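Q: I grabbed these lines from Swiss-Prot:
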- 42, 43, 63, 71, 87, 88, 265, 427, 458, 467, 468: FAD binding site (BINDING)
- 90, 198, 466: substrate binding site (BINDING)
- 485-491: disulfide bond (DISULFID)
- 105: N-linked glycosylation site (CARBOHYD)
- 1-28: signal peptide (SIGNAL)
């Protein structure tokens, strides 16, 4: 029995429509995965892993770049792989186990080295050359340490509501009786090393109550380990992803269709019935829920439009918190001219201009014979440097090095690497910092879902914002919130924090 012509035409029309929808990425808008994860950095991969473990396997991960890992990303520099972003496992050898440490040190066996800052007093260079007297510097370090200890005691007495919070600088003024805080070149560079080198913002903007003491070190230990493995620190993210995403055994490449790279999310529509996500290539995907793991800097930008707009309380939480900038500048030289040996890995440049190429690291152990130095800048210096040419930055650095080592024949650097996280629209900075005036309740609003839109990222980690382990743990925590709603119908989120 033959089909009627009208039925055949309908079938052809339906087929053409399906092909057209599939070509434009819109077919997914009618069937869609249950959960879309925006971003394949540590928190996004961690969240998707926890969802998968809970039986939510109909996932789609949309990543804006051509790789996973986010701010954990290596690049080749002068023949060696170095880390553009996260580099350390911070918080090791304490009472609790940092969840990243066993993956790095035991499972993957990534090359890592304990960073030893105990000898800084003998490695502080004057602005006009030579080193400061070690005893003098040691006394200034001990003074800074004692002021910080007084700050810890003061922090513990502040009202749980956060109403009495103050900046770290205000605390320093109270204890040092100096109106501007540390003011001499040595005091400023020690201060910069203690705070800016950790938080990427100065003490005048950083919350005392929420950063002193720092939970990362109180919980996990004071030691930090520098990852210097040619596989990259990002190998941790690939390892986690490989536990639930299909991976090619030979190449190690993720081949699971649930991970889509080069998908720049530009719009998220949400309603009581579900979510729709649109990407820059005009693909459209629908789901029951969306987990947004984009950085705080991206949320503060106009890259992703939410429809309807996020409620005022959510927007205020996003804009109240700080997205800091931490820039690691690598330089390659034809030969070494700096001191090496025990206690020489880290050295400081005590400029009269606070934060001007102040913290240096040499890699005798990590990259032997590579002749590479690393200098770190943050905050306004980072933003300034991102907007000038690498040649101009190199010229500034060479001038500093020749001041530090006036008796040496200091050659020009042959290569320079200047990451530009602040300028990158997919990050808009490196990690979050807790500013003064934001209490724990307001902070937890960063993590709180809005309808079917959930949020994760290091900036949503209750105790460990700014750290790799914070991103990892926040992914798990945010996934649990979504699981409670999707599987247990416990969808009402109570904004809370340690103050409750």
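Any Cβ shown, glycine's included, is placed from N, Cα and C.
Keep in mind that what you see is a predicted model, and the values were worked out from it rather than measured.
Neighbours and distances for these, please.
A: Its Cβ taken as reference, residue 265 (FAD binding site) is surrounded by 24 other Cβ atoms within 10 Å in the chains shown.
The Cβ of residue 466 (substrate binding site) lies under 8 Å from the Cβ of 199, 200, 324, 431, 432, 433, 458, each of which sits 6+ residues away along the same chain. Residue 466 (substrate binding site) falls outside any helix or strand according to DSSP and counts as coil.
Annotation note: residue 485 (disulfide bond) sits in a helical segment as assigned by DSSP.
Within the same chain, residues at least 6 positions away in sequence whose Cβ sits under 8 Å from that of residue 105 (N-linked glycosylation site) are 89, 112, 225.
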Q: Quick one: Cα separation, residue 87 (FAD binding site) versus residue 491 (disulfide bond), in Å?
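A: So the alpha carbons of residue 87 (FAD binding site) and residue 491 (disulfide bond) sit roughly 37 Å from each other.
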Q: Going by DSSP, give the three-state secondary structure for residue 90 (substrate binding site).
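A: Looking at the DSSP assignment, residue 90 (substrate binding site) belongs to a strand.
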Q: Find the one among the recorded positions 468, 485, 491 whose C-alpha lies closest to that of residue 198 (substrate binding site).
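A: Closest candidate to residue 198 (substrate binding site), judged by Cα separation, is 468.
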Q: To the nearest whole angstrom, state the Cα distance for the pair residue 63 (FAD binding site) and residue 485 (disulfide bond).
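A: Roughly 25 Å, rounded to the nearest whole number.
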Q: Using Cα coordinates, what distance in whole Å links residue 90 (substrate binding site) and residue 485 (disulfide bond)?
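A: Pair distance, Cα basis, whole Å: 33 Å.
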Q: Going by DSSP, is residue 458 (FAD binding site) part of a helix, a strand, or coil?
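A: Note: residue 458 (FAD binding site) is helical by DSSP.
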